[in-house]
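A short write-up of the structure that comes next.
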Amino acid sequence: MSGKVAVLGAGSWATALSRLLSKKGCQVVMWSASSEQAREINETRENRHYLPGVMLPADIEVTLDLEKALYKAKAVVYGVPSHAFREVARRSLPYLPENAVLVNVAKGIEEESLYRMSQVFAEEAGLSMLDRYVVLSGPSHAEEVGRDIPTAVVVASPNMERAEQVQDLFMCESFRVYTNPDVVGVELGGALKNIIALGTGIADGLGFGDNTKAALMTRGLAEISRLGMVMGANPLTFAGLSGVGDLIVTCTSMHSRNRRAGMAIGQGKSLEEALSMVKMVVEGVRTTRAARRLSEKHAVQMPITEQIHRVLFEGLSPAVAVNKLMTRGKTHEMEEVALAAAMVGKIKL
């Protein structure tokens, strides 16, 4: 696929993807809600606040005019944070070109409705529009994609023809793209791993070691899988790029906002202080609240998520939270996953 691509948003991820698409020969128009940001990028070819040091091709245009950005676009990339997705999706609807493929790259759960991003889009645009909807997710820090460091991601859609369109749109020698029909699993994996990354950051802040982080990541993946299966995901998806892949990179990377915020909390900072230090959106904070409610709604045990919620919002000491996790009642490693699978008829106990 070639032609015009509208990228809605001008954060780090939207900027990195705009650069990638431009280098592939697409006509890229970015939409920003900030006149100062649009002017800076157009004049300096750099997004100094969100992706410093990465120079953008001269033919990328940044506009404040949403209608202009979307005019005759063959593909539309929604590159805004999850809490802003509904509003931007709603505003874009009158200007969406007929038959344009729609790509969402936000990783989160809407806190008020508990909807995944595809559900938010369907509510705003109608179920029929999901035929054009594709989610892109996986272990992909903008700081590395913007420097052409080899990266692999996954795109998911109920319409595999659309998924393959997006695969062709983004795929290049430094950015490998796989397809997957499991929209539920890909969206949940990308959202829920941010909670566990907060936890591994807290462990780092407390001075714990690799054993602790490995335990959090492994048992965190079990929580993600349990909830995902009950919500209709294919459990195999969580063994892929949007599951364990994204979990690893977000829990271990110096680029991870969620890990950095967690580390500050582990070192004794308040949530507000930690968010101020990171200076960018930390998706895991909102997702923690949403995931806790989802676990209650679906009667799924998520002990790590529960303790992180208590640390973030109920004043529990991080050290006490670790103690509560370590002194839980004993259980079989596979028992909880098997119970979740049995609830959705995947396997028999």
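Cβ coordinates are placed from backbone N, Cα and C, and glycine is handled just like the others.
The feature active site, proton acceptor is assigned by Swiss-Prot to K193. The NADPH binding site feature in Swiss-Prot is assigned to S12, W13, K107, A142, R257, V281, E283; the stated evidence is sequence analysis. What Swiss-Prot lists as sn-glycerol 3-phosphate binding site is K107, G138, S140, K193, D246, S256, R257, N258, and the listing cites sequence analysis.
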Using a 10 Å radius around its CB, how many other CB atoms surround S140 (sn-glycerol 3-phosphate binding site)? 23
If you count other Cβ atoms within 10 Å of each one's Cβ, which of the recorded positions K107, K193 has the most? K193
So which recorded positions out of G138, S140, K193, D246, S256, N258 end up within 10 angstroms of W13 (NADPH binding site), measuring C-alpha to C-alpha? S140
What is the maximum Cα to Cα distance, in Å and rounded to a whole number, among the residues S12, W13, K107, A142, R257, V281, E283 annotated as binding NADPH? 15
Going by C-alpha distance, which of the recorded positions K193, D246, S256, N258 is nearest to A142 (NADPH binding site)? S256
One finds that other Cβ atoms within 10 Å of the Cβ of S256 (sn-glycerol 3-phosphate binding site) number exactly 24
Rounded to the nearest angstrom, how far is the Cα of E283 (NADPH binding site) from the Cα of D246 (sn-glycerol 3-phosphate binding site)? 14
Where the record says K107, G138, S140, K193, D246, S256, R257, N258 bind sn-glycerol 3-phosphate, what is the longest distance in Å from one Cα to another among those residues? 16
Determine, to the nearest whole angstrom, how far the Cα atom of E283 (NADPH binding site) is from the Cα atom of N258 (sn-glycerol 3-phosphate binding site). 7
Take the C-alpha atoms of S256 (sn-glycerol 3-phosphate binding site) and K193 (active site, proton acceptor) and report the distance between them in angstrom, rounded. 11
Once the chains shown are all counted, how many other Cβ atoms turn up within 10 Å of the Cβ of W13 (NADPH binding site)? 26
I want to check the contact list for V281 (NADPH binding site): same chain, sequence separation of six or more, C-beta distance under 8 angstroms. What comes out? G11, P81, H83, R257
